[in-house]
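**Student:** Before I ask anything, let me first share the structure, which is written out below as structure tokens.
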Amino acid sequence: MGNLRVSSMLLLSLMAAASANNFHQDVEITWGGGHARVLGRGNLLRLTMDKTAGGAGFKSNRNYLFGRFNMQMKLIAGNSAGTVTTFYLSSEGPSHDEIDLEFLGNKSGSPYTLHTNVFTQGQGGREEGFHLWFDPTKHFHTYSIVWNPKNIIILVDSIPIRVFNNEESIGVPYPNNQRMKVYASLWDADDWATRGGRVKTDWSKAPFVAYYRNFVAKSDWEMQGLSARGKKLLSWVRKRCRIYYYCNDERHGRGSRHPPPPECKA
């Protein structure tokens, strides 16, 4: 239980920095029991993973059709290999829509991978991966999903890292008719999360702990696209931080049985 003993001073500082958004009122714990806990007056939520439960998760009480969704997160410090910490939107059922942010843990000293994906009618395959330009375990950072009829924009600390445009006109599926809830979770995925599953979860480092605060969901999505400065920042992220782009996957190479999606050809 050593890693779980957060000093009262640290907890007070975390809660004081959080906004008035209340996890008691805004979300439902979906799995993990006591491994998901709302702290203080409801402005901080802690997810814990150990061998007894394998993680925990929660979802928003409301569902949404378009909006802007912000969550501040502080990820697992130290050796987080094998763990996945998430923040995403999803509808329900086999033909669900989903907009994913998954933080793949790594051994101490190695960067987290932020894995993003977009599913429409149950079909994904549109992944982009990033190494962030900061250590996401030392402080809280704000992760945002902007979802509107024109595009999906993923931002980190208000810096755009990914844009997925609505290109239904050329046959690209786009999630625009299923209401989605906000989900978050911490779980064990050591069969694939770190270096393709070659690095396993070190349970001697458990419990693994991630924090969430300042959850804000707005039906007014505020932005339809990127400003000139936003486009420059997106270009910077793509050049410096993006480590995987589905359009460049060798599976879609010349003569492949898996042709690239139509937006890649465009």
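Positions of Cβ are set from backbone N, Cα and C atoms, glycine also.
In case it helps, TrEMBL gives these features for our protein:
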{"type": "SIGNAL", "residues": "1-20", "note": "signal peptide"}
{"type": "DOMAIN", "residues": "17-212", "note": "domain 'GH16'"}
{"type": "ACT_SITE", "residues": "E98", "note": "active site, nucleophile"}
{"type": "ACT_SITE", "residues": "E102", "note": "active site, proton donor"}
{"type": "CARBOHYD", "residues": "N106", "note": "N-linked glycosylation site"}
**Student:** Tally every other Cβ atom lying within 10 Å of the Cβ atom of the residue listed as 'active site, nucleophile'.
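**Tutor:** Taking all protein chains shown, the residue listed as 'active site, nucleophile' has 18 Cβ neighbours within 10 Å.
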**Student:** Find the average pLDDT over the domain 'GH16' (17-212) in the predicted model and report it.
**Tutor:** 93
**Student:** Let me check the 10 A CB neighbour count of the residue listed as 'active site, proton donor'. How many other CB atoms are there?
**Tutor:** 20
**Student:** Within 10 Å of the Cβ of N106 (N-linked glycosylation site), how many other Cβ atoms can be counted across all chains shown?
**Tutor:** 21
**Student:** Do me a favour and check the Cα-Cα span between the residue listed as 'active site, nucleophile' and the residue listed as 'N-linked glycosylation site'; whole Å is fine.
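**Tutor:** Answer for this pair: 25 Å between alpha carbons.
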